[in-house]
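As structure tokens, the structure follows; a few thoughts come after it.
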Amino acid sequence: MYLCNKNVQGLDVCRGQTSQPTVKGLTLEQRKMMTSQYECYMKMMTDPPFEGEGVFCNRTWDGWGCWGDTPAETVKEINCPDYFPDFDTSLQASKTCMRDGSWYRHPESNRSWSNYTICNANTRQHQKRHLRLLYITLAGYGLSLIALVISLGIFFYFKSLSCPRITIHKNLFFAFILNSILWIIWFTVVVPDNQLLKQNPVSCRVLHVLTQYALGCNYFWMLCEGIYLHTLIVVAVFSEKGSLLWYYLLGWGFPAIPTIIYTVVRSIYADDKECWINASTKLLYVNQGPIIAALLVNLFFLLNILRVLITKLRATNTPETNSYRKAVRATLILVPLLGVQFVVVPFRPTDGTTAEVIYDYASTVLMNYQGLFVALIYCFFNGEVMDVL
């Protein structure tokens, strides 16, 4: 595909105009072009005549760039302009001066042509990579959804697996299922639809808010897993009696508080555009702060449980003790696995490096396959489940 440019009309410097015009009602890109055109014409009038020998191509403005006098059979290069967000100004566009002193004409249009295709080459590569990352993301949520639904089916079908700990597993799975469904809708319906983003309906902002709520539920139900094991092993010493009401309030109820605060603050004080798709806003920490706190508290509980298992229950070798050891081991694996994204996100490598590419793929897998990891560790690799299958 060729990027062709058209001559821009409107500046009559030959009639003695010496001040830069101001034009209202133009886009930022058009203003930048007109400014560059004005500066180019001023430069062409003030630069000395071509001092080289032989045939040369005359200085010209091609609609996007300013090209000086260029010797025949020479390729002239200038920095890519900054008119468009996908243009990399560190790269260089080129224009070829032919042997007869005329600028190269494109064979399809038979018009003077400058090669700006390199200017968004990096952007095209980024777009291809982002498309691959999108496919990986959707595959992750899809596989997670399938694995979680199968896991729930197993837990509900086999009555022998019914106990408070499995009930917490079920709610954790429901949270991840909700999260997967909402993000699949977001990435397939909202993100690719530029028209929808421009219209910015309330429905797409509500969907964004629901994704934030579901994300919080994931981590607070993981916290419920840690609290339950801590209560069971450290406090009650294997007594599984007790109400799960507080766990329901923590897992499903508490994430609504930061989500509501985030929604109110963002709707009043921050941008209200493009379905709130901008992920760079610091307001997301209103949601992510409690999530990070939940991960740290969970890690503390699990380390304390590990201490008790090692120091006090080392000699105990009953099936029940072994079962709880495995449950603690599974949760201890999941907490860092689910929390690693909040550790590595602030340390994103420099753009355009190999490290950045590795980071993008690794973080995509870690973030979007979490439901699959949870299903594998809590269900498919669970010894109790294996015994009943």
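Heads up, the Cβ atoms here are built off N, Cα and C, so glycines get one too.
Confidence annotation: the domain 'G-protein coupled receptors family 2 profile 1' (39-123) carries a mean pLDDT of 90 in the model. Per TrEMBL, the feature domain 'G-protein coupled receptors family 2 profile 1' maps to 39-123.
The transmembrane segment annotation in TrEMBL covers 133-158 (among others). Tertiary neighbourhood of the transmembrane segment (133-158): same-chain residues 166, 169-170, 173-174, 176-177, 180-181, 183-184, 187-188, 191, 360-361, 364-365, 367-372, 374-376, 378-380, 385, 388-389, selected by CB-CB distance under 8 Å and a gap of 6+ residues from either end.
The domain 'G-protein coupled receptors family 2 profile 2' annotation in TrEMBL covers 133-382.
Within its own chain, the transmembrane segment (170-191) has Cβ neighbours under 8 Å at 134, 137-138, 141-142, 144-145, 148-149, 151-152, 155-156, 197, 204, 207-208, 210-211, 214-215, 217-218, 221-222, 224-225, 247-248, 251-252, 275, 277, 368, 370-371, 374-375, 378-379, counting only residues six or more beyond its boundaries. The annotation transmembrane segment is assigned in TrEMBL to 170-191 (among others).
Positions annotated as transmembrane segment by TrEMBL: 219-238 (among others).
The feature transmembrane segment is assigned by TrEMBL to 245-265 (among others).
The transmembrane segment annotation in TrEMBL covers 285-306 (among others).
For 327-347 (among others), the entry in TrEMBL reads transmembrane segment.
For 359-381 (among others), the entry in TrEMBL reads transmembrane segment. For the transmembrane segment (359-381), the list of distant contacts is 129, 133, 136-137, 140-141, 143-145, 147-148, 150-151, 154-155, 169, 172-173, 176-177, 179-180, 183, 218, 330, 333-334, 337-338, 340-341, 344-345, 348-349: same-chain residues at least six beyond its ends, Cβ to Cβ under 8 Å.
The DSSP breakdown of the domain 'G-protein coupled receptors family 2 profile 1' (39-123), given as helix, strand and coil counts, is 15 helix, 24 strand, 46 coil.
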